[in-house]
């Protein structure tokens, strides 16, 4: 209510009480004013009443929520379901205009303001997370793969002769398809094995640029966050190579924003060499629904070019989700989550190492990977070919999500390209292994439950192997638990083929 409304209210209720209410509202409005003035994530998170007041104030600035609005166009923010309207806080027009996803919409001042604030808050968080020299970013309503495609398509206009993208191999389909979808030919650079780690072959990258000719190379497409035993690319060295040959550099930072080490690599790469843009997922880094990403960079003009490449308007949902999340957490809340993630990584590492040693396996030594861990499965693989995938299916049926088992010699064809040893990021990794990651939001109880279920699965598989090696296939001394385990194992085998397909 405005001052006149409060004054009118004093004729109906005690002026003292009304003034109290007015002061309470001013407290909410003060937080909103500071946000609009500073464009930074508040240190302390907002309560829900402040958030809802803010969103309501923004929503009524959009034309579809004007009282007496008369819409006679094809896009007037009409919504058939009231439930859908409430789900989106009545932000119906989306963001951007037909020529620029970051442009202001005349019909939707509130949605446009929401978009600008969300981008500003995300930029503040990126700087807080370690990339201090970033100059611009925007939230795009596409996941990481398609957002990378948008970056490549923008570079096409700047480098019309280029047809190749140099890509240090990482066995993840969406980042590979992002290059194919954009119409370019990926040039796969195999990783080199250093100890247990798979690292960037810098000599091969430079040699390939020389072989193809720098004008024919659209960019180098590197990666930070990845599954162990692959580790983040050597960004500083790659950035120097790109600067030396005048080749753009796009970084897939999918879930690296939550890692200070990954963000430090990006900051250092931009400081010593060339990084044109880096792309990160909203859902993986901010715990919001899938469907959005952040494209960020160090050159305002280039990031604006990417935003103008997006055709048409876009959904406001990812921007709304991340705005609500960051205002709820505040920068202190997000820093706490980042700190807890690091602590959980150490805890997961300790617990996995103990469990691995109990079964004559070992935790792979991958100190350059700050998020993902891997445990060897040599003893399983030596006894039976399907034991590795069987272990994966058992974890899956026990509701353990996110863990991956990687057998030896898997072959996968992606968009016409065949990869040997797919999922292990190299043709011939020395052993099969199991992955687990410590991502933002993980709790101690998640680690404890995972270790407990993994231990149980190891026991079952080992018991099955021992029976097979004895040649008896029968255990007359089975306990009730053992019978239950065997029945479960038979049921799990039903899921085995399905699991292998989905992997």
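FYI, residue positions are counted from 1 along the chain as it appears here.
Yeah, the Cβs are placed from backbone N, Cα and C, and that goes for glycine too.
Computed from a predicted structure; not experimentally measured.
Taken straight from TrEMBL:
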- 75: pyridoxal 5'-phosphate binding site (BINDING)
- 97, 98, 105, 313: substrate binding site (BINDING)
- 271, 398, 463: tRNA binding site (BINDING)
- 284: N6-(pyridoxal phosphate)lysine (MOD_RES)
Distance [Cα-Cα, Å, rounded] between residue 75 (pyridoxal 5'-phosphate binding site) and residue 313 (substrate binding site): 11
Pairwise CA distances across 271, 398, 463 (listed as binding tRNA) top out, in Å, at 55
Counting Cβ atoms within 10 Å of each candidate's own Cβ, which of the binding-site residues 75, 97 comes out highest? 97
Looking at the recorded positions listed here (271, 284, 398, 463), whose Cα lies nearest to that of residue 97 (substrate binding site)? 284
How big is the substrate site in terms of the longest C-alpha to C-alpha distance among 97, 98, 105, 313, in angstrom? 10
Candidate nearest residue 105 (substrate binding site) in space, where candidates are the recorded positions 271, 284, 398, 463 and distance is Cα-Cα: 284
Candidates 313, 398: member of the binding-site residues with the richest Cβ shell (10 Å): 313
Other residues with Cβ within 8 Å of the Cβ centroid of 97, 98, 105, 313 at the substrate site? 94, 95, 96, 99, 100, 103, 312
Rounded to a whole number, how many Å is the Cα of residue 313 (substrate binding site) away from the Cα of residue 271 (tRNA binding site)? 34
Euclidean distance between Cα atoms of residue 271 (tRNA binding site) and residue 284 (N6-(pyridoxal phosphate)lysine), Å: 26
Roughly how many angstrom lie between the C-alpha atoms of residue 398 (tRNA binding site) and residue 98 (substrate binding site)? 47
